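Novice: According to TrEMBL, the protein carries these features:
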type     : residues : note
TRANSMEM : 20-41    : transmembrane segment
TRANSMEM : 53-76    : transmembrane segment
TRANSMEM : 83-102   : transmembrane segment
TRANSMEM : 108-124  : transmembrane segment
TRANSMEM : 136-159  : transmembrane segment
TRANSMEM : 165-187  : transmembrane segment
TRANSMEM : 194-221  : transmembrane segment
TRANSMEM : 241-258  : transmembrane segment
TRANSMEM : 317-336  : transmembrane segment
TRANSMEM : 342-367  : transmembrane segment
TRANSMEM : 379-404  : transmembrane segment
TRANSMEM : 410-430  : transmembrane segment
REGION   : 438-480  : region 'Disordered'
Amino acid sequence: MSQAVGNKHPVDQMLPVGRLAVLGLQHVLVMYAGCVAVPLIVGGALKLDASTIAILVNADLFVAGVITIIQSLGIGRILGVRLPVVAGATFAALNPMILIGAKYGLPAVYGAFLAAGVFGLLVAKPFAKIIHLFPPLVTGTVITVIGLSLIDAGAGLIAGNDEAAPGYGALDKLALAAAIILLIVLVNRFARGFVASLSVLIGLVFGVIVAAFMGLVDFSAVGEASWFGLARPFYFGPPEFQAAAIVSMCTVMLIIYVESTADMLAVGEAVGRRPSENDIARGLAADGLSGVLAGVFNSFLDTAFAQNVGLVQVTRVRSRFVVTAAGVILVLLGLVPKLGEIIAAVPGPVIGAAALVMFATVTAVGIRSLRRVDFDGTNNLLIIAVSIGVGMIPVVAPAFYTRMPDELEIIFGSSITTTVIVVFVLNLLFNGWSRPTPADSAATPADTASPGASPGATDSADPEAAAEPAAGTAASPEKP
């Protein structure tokens, strides 16, 4: 366990360089699968070539590293929570990003990221004051729909997206995916601690090895890629600003803020330094900055990763400089195009199997967070039922909103955006604007699991000090 030196809090303790590097690499390994899954899934859904996906992977790692460094070190009184918080690409933006990319192209996606990033920077401080308007009733419903709405994407990566294609649903691909899922389950069942948290990454490595023997992997582009390089800013062209796309991504930014707030509060509990309202606001502003950087460097919106909060609990190493080291490693990985090409070569059935587990885990986490909702009356049950029912329409009936104007189709065609709007409005209608008591708790990191976490990886991250909130309420962060 980290010990305080003099009057220094363990969070501010500087460890030897060698230990920082090893512990930082450990954090990278825990979050790596979830971080790189996002560009792989987006690339597959938008039918991008391997070289373009490799660019997305490198940009993703680079920006995640930059935001992680900022979160741990901070920049003045503006950015960063100054706690061991690891940032990575969020699944919450996947569904809207794919919809916008298919409708308007990637320049519109990155224009929406830029706008959402600026929006996030502007609202970070006021949002920290109104987090009580996003209780477990709201967050649990949204997280459940995020997972449910993405399962189709995972299945598409395994079987293929074109049912008329000759190789659609080929038995060898289905068998490979099943073997990977089984391995992930077995690792979670029989491994413990750090190894269990790597179950998805282990499944991916195993899948790539088997797929290579099956002739499904093509590494030819790896030899042609350079060892060092940074993605060109605005690689896909000047950003385009579509109103519907911007509204959709700004909504996603609010979801990210709820998730990150929960994780920042949880890591504060884990290290013994509860973040103040101003600390939370600076941490959220760093997430907002990720949108600006994503729009420039062709990356993705970032959020705090819950599985790394769990790792802090397991290792009992509280120094934020360990996470700084993890950020440096991520930045360096983002500057190696060869690595991007290797990851881009991972075949669909492999990433699809891992994604299926991650998406289903997100769904289960959302359901688990709803256990903290008061179901004695019928109001909260109705809120959840209507929100999930309306939110899932675009998934079960993709053509449902096609007669709407394009702007509205983009907004309501996203399950996540629709669910956020419906559940937020219904919660205000039935439960009002009342501010909860300080004893109530915001969603725990177990309730806002990040992508890439093994199904049980976030259990240890749920601080014992977190109180169970009543009804549909949760507390806003407060100063210690």
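Cβ coordinates come from backbone N, Cα and C, glycine included.
How about a rundown of where these features are and what they're close to?
Specialist: Residues 53, 56-57, 59-61, 64, 86, 88-91, 93-94, 150, 153-154, 157, 194, 197-198, 200-201, 204, 300, 305, 307-308, 311, 315, 317, 319, 321-330, 333, 343-344, 346, 351, 354-355, 358, 450-453, 457 of the same chain lie 6 or more positions beyond the ends of the transmembrane segment (20-41) yet place their CB under 8 Å from a CB of it.
Beyond its flanks by at least six residues, the transmembrane segment (53-76) meets 35-36, 38-40, 42-44, 82-89, 221, 225, 229-231, 235, 282-283, 286-287, 289-290, 293-294, 297-300, 302, 304, 320-321, 323-324, 326-337, 339-341, 343-344 of its own chain at Cβ-Cβ distances under 8 Å.
Listed as Cβ neighbours of the transmembrane segment (136-159) (distance under 8 Å, sequence separation of 6 or more from its ends, same chain) are residues 41, 44-45, 91-92, 94-95, 98, 168-170, 173-174, 177, 255, 258-259, 262, 348-349, 351-353, 355-356, 358-370, 372-373, 380, 383-384, 387-388, 391-392, 394-395, 415-416, 419-420, 423-424, 427, 431, 443, 447-449, 469, 471-472, 474.
Residues 33-34, 36-37, 40-41, 43-44, 50-51, 53-54, 57, 91, 139-148, 150-151, 153-160, 173-174, 176-178, 180-181, 184, 200, 203-204, 207-208, 211, 216-219, 221-222, 446-449, 451-455, 458 of the same chain lie 6+ residues outside the transmembrane segment (342-367) yet bring a C-beta within less than 8 angstroms of a C-beta in it.
Within the chain, the transmembrane segment (410-430) has long-range Cβ neighbours (under 8 A, six or more residues past its boundaries) at 92, 95-96, 99-100, 103, 133-135, 137-138, 141-142, 145-146, 148-149, 242, 244-245, 247-248, 251-252, 254-255, 379-380, 382-384, 386-388, 390-395, 398, 401, 404, 472.
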Novice: Considering only the recorded stretches 241-258, 317-336, 379-404, state which has the highest number of Cβ pairs under 8 Å to the transmembrane segment (83-102).
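Specialist: Between the candidates 241-258, 317-336, 379-404, the best contact partner of the transmembrane segment (83-102) is 241-258.
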Novice: So if I exclude everything within five residues of the ends of the transmembrane segment (241-258), which remaining residues of that chain have a CB under 8 angstroms from its CBs? That is, six or more out.
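Specialist: Sequence-distant neighbours of the transmembrane segment (241-258): 90, 92-93, 96, 99-100, 104, 108-109, 111-117, 119-120, 124, 127, 131, 134, 138-139, 142, 146, 284, 287-288, 291, 301-303, 406-411, 414, 416-417, 420-421, 442-443, 448.
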